[in-house]
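Below is one structure; the comments refer to it alone.
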Amino acid sequence: MAPAYRHTSGRSFVLSIFCLQAICIHITSECDQTFVSRQGGPLNGTFHAPEYLNPKGHSRQCVYIFVAGPGHRVEVVFTSFKLRGAPPDCIHEYMDVYSEVVQPDPAELINSPFGGRYCGPISPRRRISLYRAIALSFYSDKNNSTPDLFTGRYSFINDSEYEVGVPVANTPCSFLIKGAVKPTGLIMSPTYPGAYPKDITCTYQFLGTPGQRVRLEFRDFDLFFGGPHCPFDYVKLYDGPDNTSAVIGTYCGQQRNLVLYSSEASLFISFVTLSRTANTQNRGFKGMFEFSNSFTKLDFISKNDGEHIRGSECDQKILSKKESSGFVFSPNYPFPYMPKLVCRYFIYGMQDAQHLERVRLEFVLFEIPKGPKEDCSDGYLKVYLKGQETTDSYDKFDHEMCGDETKPQVVVSDGPRLVMVFSSGELMGRGFKANYTFETEYRIPGTPAPDGSCTFTYRSSSKKKGEFNSPRYPSNYPSDTNCTYLFLSTPNEQVSIVFDNFKVRADAANGTFGSYGVNVCEEDWLEIYNTYRDGTEKAIGRYCGMTAPGPIESNRGAIGLKIVLHANSEGVYSGFKARYTFETAKSIFGDCGGNMSSLEYGVISSPNFPSNYDGPSRGQASKICNWYVTVKPKCKILINFERFAVEGDPESRGCPAAVLRLWLNLSETPKEMCGEKRPASKWEYLSHSNAIRLSFITADKAVGSQGFRAVWTEVEETDDCTEFQCAKSGHCIPKKLKCNLVNNCGADDDSDEADCGSEAPKEDHTIVTACSIGIIVALLLILCVLCHRKRRRRQRPHQRPFPLPVPGGSARRPPQHVCEELGERFASVDSV
């Protein structure tokens, strides 16, 4: 269609108006074109590239001017574009775009914002003028130009839809919108759907009447994305009349389903773009606004410790005040809710370095009518327990509830987040009332105490084996924590505990045999007890640092074990992870071991010593050997470990696979031992009384080592030793232990085995003589039997009665002579 006004020759006033300093290379050009709207003329048309020959390759500039009439704007759309320049430099052929030409005044045109330079096969996006004119400048130094280099169409469009409200003076795109005058309408960026201008600020102030709220729904939203905090171009919404009000949100990039509400009767929007040279061509935004007093009233949120989420119609969040509780209601409760309403409830427990909570939800009243198909297709309440809202996974709900016959079951979140989405359909109901409770989430498997404390019980009658751990393992356990683990066996059972990981804070720990004991573990610790039916407890040990407790079996006669984790108010570590197993009770000596009493000394060694010990039988959690040693009253027991090699390292990882526990006082905690004794080191201990106990336990993960050999000796407590007194150690031991080929005085004292050569006992040949006699008698009996048989053969009838002559000698002697001679020799040996 022909333009309303076209000028292609001569220099008119219109060309002088749009001759920009940046693009006017030739004052006169035969390829300039101007398209002007006039009353009653056509409102659209087409344009294309100029056609000319340029054999000498001179620079050519062609300016296309589009001018709209009053109340109109210009829209330009390229339908084809294949300029021969090479982006991004665009040196030999390009198109410059100016869509913010303000007034037909040369001084203003020089300062007109630059809209971008384009070349190659990618055309500029749609352009809509900010005012009434658009200028296109085509440059080329090629030898020719043909009409198909670029083509497009232009339109003169009504600009009334861009007037969102009453224009604010001296601004290009700011408006005041009053709900009493314009209750609904459209809101658009100033040149939508064309690329929006750079370096511009537009504001939209919505003012409603008392009781109204403002709803804003963006149908299209496309802004340059400069990062998650929108540092370049953005739309910012304020929940109030101006930019000093609380911020609802800042938005950029591409947004979908962006629907926002004011909390009260006013809303303020600011659209800001920065000045940039980049050829960004985003569309901007288009949406709808509505003033209404029928949107949900928010008082049902504020009166119940909830906080309205700004920008939403009725969404709320409820944050824990450390194990707090309260109620949530459907909108307008206790009166029926409104139809076609969606409200979300975000109930969040505490989650930080010191706290971790979960949410328990129990319904007091529930009435959401089912749909015609007796399902939740009309209205529903969906519950999310796994934090699906963080990934916007609202289609993956855990429970969908509707109906009014029975109250829904109690639900508990997996972590600190519980979310509900309430959607009302066409049918109306009373809604719901629910009690929420924030509980500390320790992430410990087991049966928790009803009062919510960190107390967990493990009963053999419920589960024979399982795992347990410190709070929030493998994350750090919280400070100021005391957790109790109770393991209760059935009669004729014992419980075994094996630790797989252990790291408990212990700043003061620096023990040779690891970090355990009340004098070492003073900050955080783990204590283990045998528990009995009368309520008494007997401590096994206190552990901390990296020293994992060795495998543990409850004593025979105990009803189980009790483990206590204590943490003070300072630093924390990752804690522990362990396994428990309930098994049939063993004898008092365990799988091996024994009782030693009425003796002056003895030797105790691990199974198979000096070969490697082995682990428990297949299917068992641990293997234990108990030795009980008792000596005379008023005596003590000296125990010296001559060899010791048990897998583990007390200083770096403790004794998780195998351990030897030594009770030097049966009423106190034992010494826990593993690792390897060096040949020159001294490992000897003196009991506190006349009894000691040793327990050697291997776990199912033990790989085996040589084990140990220990010598124990009765030591008399006296200042006047009437027995043998050791030279170096000073111990008083029984005289009979001197020169018994066993070192009974201790590791560094061999005085009881010194000077033993002069007192060596005379050799006793009784046993040797008796053995010799026995052998001779046996041989004699054999020979007699042989002689007897030979004599009987000679007495047969065909035998001669007289002996045959022996060649070269006399006749052979009869057998009885041989027996008589052997008897004489045996008599001579016996006399010796």
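Glycine residues also receive a Cβ, built from the backbone N, Cα and C atoms like all the rest.
Sequence annotations record features per position, and here TrEMBL assigns signal peptide to 1-24. Under the heading domain 'CUB', TrEMBL lists 31-157, 173-292, 314-439, 454-583, 592-715. Under the heading transmembrane segment, TrEMBL lists 767-787.
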Summary of DSSP states over the domain 'CUB' (314-439), given as helix, strand and coil counts: 4 helix, 59 strand, 63 coil
Secondary structure content, the domain 'CUB' (31-157) (per DSSP, counts of residues): 8 helix, 60 strand, 59 coil
Secondary structure content, the domain 'CUB' (454-583) (per DSSP, counts of residues): 0 helix, 66 strand, 64 coil
Model confidence over the domain 'CUB' (314-439) (mean pLDDT, whole number): 93
Residue counts (helix, strand, coil, in that order) that DSSP gives for the domain 'CUB' (592-715): 0 helix, 66 strand, 58 coil
Helix, strand and coil totals (DSSP H, G, I; E, B; other) for the domain 'CUB' (173-292): 0 helix, 59 strand, 61 coil
